[in-house]
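Encoded as structure tokens, the structure appears first; notes follow it.
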Amino acid sequence: MTMLDVRTWTAVCRYDLLQPERGAAALVGDVQVALFRTHDGAVHALSNRDPFSGAQVLSRGIVGTRGDVPTVASPMHKQVFDLRTGVCLDEPDTAVAVFGVRVRDGVVEVSSP
Amino acid sequence: MSTNHQRTLVVVGNGMVGQRLVEALRQRDPQRRWRITVLAEEPRPAYDRVALTSYLTGTSAADLSVVPDGCYDDDCVLHLADPVDHLDRDARTVTTASGRVVAYDALVVATGSVPFVPPVPGADLDGCFVYRTIEDLDAIRDRAADTGSGVVVGGGLLGLEAANALLSLGVRTSVVEFAPRLMPAQVDQGGGEVLRRKIQELGLEARLATATERIEAADGGLRMVFADGSSLDTGLVVFSAGIRPRDELARSSGLEVGERGGIVVDDGCRTADPAIWAIGECALVRGRVYGLVAPGYDMAEVVADRLVGGDAVFAEADTSTKLKLLGVDVASFGDAHGATPDALEVVYADPVAGVYKKLVVTDDAAELLGGVLVGDASAYAALRTMVGRPLTDTPERLLMAGPATSDLGDDAQVCSCQNVTAGSIRGAIRDQGCADVAGIKACTRAGTVCGSCVPLIKTLLTQSGVVASTALCEHFDLSRAELFDVVRATELRTFSEIIAGHGRGRGCDICKPAIASILASLGAGHILDGEQATLQDTNDQFLANIQRDGTYSVVPRVPGGELTPEKLIVIGEVARDFGLYTKITGGQRIDLLGARVEQLPAIWRRLVDAGFESGHAYGKALRTVKSCVGSTWCRYGVQDSTSLAIMMELRYRGLRAPHKIKCGVSGCARECAEARGKDFGVIASENGWNLYVGGNGGFRPRHAELFASDLSTQELVRLVDRFMMFYVRTADRLQRTAAWIEALTDEHGDGLAYLRRVLVDDELGICADLDAALERHVGSYTDEWAAVLADEEKLGRFVSFVNAPDAPDPSIRFVTERGQIRPATPVSGDGPPVVAGPTLEVVR
Ligand SMILES: Cc1cc2nc3c(=O)[nH]c(=O)nc-3n(C[C@H](O)[C@H](O)[C@H](O)COP(=O)(O)OP(=O)(O)OC[C@H]3O[C@@H](n4cnc5c(N)ncnc54)[C@H](O)[C@@H]3O)c2cc1C
């Protein structure tokens, strides 16, 4: 059986524009996405909106790890989010949206969550 | 009789001791056989009177409260501001001022004491105060704001504490004492003399062997006239000449009181009326009234035990005291006056250093009876526990070095305030897993009242082999100070190398900024160079301060708060052209708020072109050196504080530290620059500069303490250089200088004295290195904003979106208020801003 990938992908920037372990914000339609390139070269895309403060700032948090989990800490009040699932590790009832993300021909593309 | 077989206990007075009784009974009576009604005179629940003075240095009334959450409920009721004024022993009722009548099965009187005001004419004039309640302190503070001078009548423990408090309010203070020495109850003539000299050096005048005859109103102030005919003009008078037990209820109901006051009770703290008990400072037990909180707590425990059927008795209490007055340690314990027959005294006195120590021993020098320590009381806690025991060493050696802590027997009392022994502390470490001072405090209550035993608790913790974890975070086992040394010694200059060599994982929001700060302190180039850029908190990342809506604020440096009209105009123009909100900061500069990330470089361009540079408001670094106009303009100024502040701000600007550093320079003792609220503060004297360190505003305000006086400018700068660099190297992450010095005190006895040994006497032999490091910093300083403006790659990161670099973040919305912007609330990406009241949305 084949699965058809019907998501729409939007090219946002060249991969090498992303600084390792530092986020960047991108505008996809009128949605703000936070892109992160981790130390191992992977790219993650979360909603840029920090659910605790309501400000569009997650891309400006510090990237790191907790145990084996790649993380970003909100720059506002330091809650830590799992870059893979969007779940807040300090308050697991809270999560941010995760967007699909892939790199094609050196270009980062983002899809809807 | 009450229902449900519940009996009613009425407690009169909600002071420290009355409160302790309530808690102790609650603990012993889980089935609630007793219903408790507390009737209190003061308008607020019990607070820490022992720490009352800290109220003047910023501790709030709420912080002082000693009532735990959930203490009062349906079965345990507290009525405030409603004193009992009548006791009917036959009916077993009390009546309050508001007319409330409460029946009791048992009554505990815990009404404390009042300060004794000598019956001299004029003692009730406006401007005369006592020092006992929060309201007293409010009144004293109000009066002190309008006057420059004050007198404390009484040179005992509390009198000197009050005098110290007046000094801290900026009042020139004299102490008038009837006895020929200060603290006559605690120290002997020799100790009193050392004490007098020391506190005189610190600006407190002491008039000993002086009797006050009357007080008169004079020229808007007061005049004190003494028995020898001399007089002293003053703005306010505080009486602190002993205490009188509040035994009115006992007197009016025919219960026995002592000759000099105090409700007479037996060893079980019960009066002759079996339903009535008295505890705390109102009680006369074993022939005396105790003016200390620890014996009061013991009495509370005794009565709580008796109320549930026990037979506890009050044992003779330890009246040892240790305190620090104006930086002078004073302690006395056991038989301090050598009253035991044939007792021998071993005395060590160094009047130049201001140290006086005396041990009282038995005539065969085999047993310790007591002692007095002035100027250096580091051995107090350990010596006190040895009273009544065989000496572990010769008295001379004990005097000089103090006893070894391993000599402490399990039954030796470590905390006399809460009556906790070395054995219970060892037990808490062993059985309850306590691993730090906070844990010991929570488990045993030791160290929670006066705190003088905390160093001893620390020693016990170390001896038990439990070492408090100082690991920075899950990625590093080292503390910040240890990591600093490692980075300095290994010359590793990237995070990846450091974590690979000394940590694990890829770091987090704790260790990354900490290492970024260490690298910056060691002069590793611009903080946004290479990998360093990824370590920075958002404030350092964008060299501006993030605000609640994700915009940033921009603060150009205004050294010493001095600003030309031209530059002031530029700031106004920039704010106007970029639509920013402007506000004057507490550090004498101007904050421009509401800037979006992509606007920052253009804003800096305008400011840098006009001669401004980054003010580092975003960094854990030197912020400002606040100043007054000093002798240049001010008719009171004695030194040029503005020039010194500018010089210092330019010297230390950009120095990254464990936390922000704020400073101030005042041109005279009026202290308009509020230098004593700063990490380091300089106050001009006739002969030079006085340096204060370790002050703090903010969450836990604290006054800076005098570190050195009458310094030349050169001496001052040298000392501050060393202070700053030593702080940078050894403090914990996010530890302000105030907390750092407290930690040094925990570790070395007296933090300030330790700092003097290291930074003045060069005990560690590091001063040359500290001096050189600071000089390197001064030589390598560059403006962080200008450096970004000159670097295309760094500039490229100041964009709103990677795929739309100049598009403003559509979620940032402002409304106007009082003619300026402010964030629309609630901050939200969805939906329009809520426009409240007379405000308008502005479109930018
Ligand atoms: C500035 C200062 C510093 C001190 N420092 C130390 C120290 O370092 N070490 C130490 O051991 N001790 C110290 N003390 C003493 C210590 O505070 C007292 O020993 C302790 O507070 C006594 O507690 P208490 O409950 O007996 O009395 P209080 O705390 O005085 O409480 C009695 C309460 O009863 C109320 N009351 C009185 N009459 C009535 C009535 N008729 N009806 C209802 N309520 C009534 C009073 O208003 C008061 O609130 C200090 C005291 C002061 C003022």
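Numbers here mean position along the shown chain, with the first residue as 1.
Using N, Cα and C of the backbone, Cβ positions are placed for all residues, glycine too.
The feature domain 'FAD/NAD(P)-binding' is assigned by TrEMBL to B:9-287.
Among the features that TrEMBL reports, domain 'NADH-rubredoxin oxidoreductase C-terminal' is placed at B:320-386.
The domain 'BFD-like [2Fe-2S]-binding' annotation in TrEMBL covers B:414-462.
Across all of the domain 'Nitrite/Sulfite reductase ferredoxin-like' (B:546-608), the predicted model scores a mean pLDDT of 97. Residues or ranges marked as domain 'Nitrite/Sulfite reductase ferredoxin-like' by TrEMBL: B:546-608.
Broken down with DSSP, the domain 'Nitrite/sulphite reductase 4Fe-4S' (B:619-744) shows 45 helix, 35 strand, 46 coil. What TrEMBL lists as domain 'Nitrite/sulphite reductase 4Fe-4S' is B:619-744.
According to TrEMBL, the [4Fe-4S] cluster binding site annotation covers B:C628, B:C634, B:C668, B:C672.
Among the features that TrEMBL reports, siroheme binding site is placed at B:C672. On its own chain, B:C672 ([4Fe-4S] cluster binding site) has B:C628, B:S666 as residues at least 6 apart in sequence with a Cβ closer than 8 Å to its own Cβ.
According to TrEMBL, the region 'Disordered' annotation covers B:822-844.
Apart from B:C628, B:C634, B:C668, B:C672, the [4Fe-4S] cluster site neighbourhood in this chain, defined by C-beta within 8 angstroms of the site C-beta centre, holds B:V629, B:G630, B:Y636, B:G637, B:S641, B:S666, B:G667, B:R670, B:E671, B:A673. Minimal Cβ crowding within 10 Å, among the binding-site residues B:C628, B:C634, is found at B:C634. As a summary of secondary structure, the domain 'Nitrite/Sulfite reductase ferredoxin-like' (B:546-608) carries 29 helix, 15 strand, 19 coil according to DSSP.
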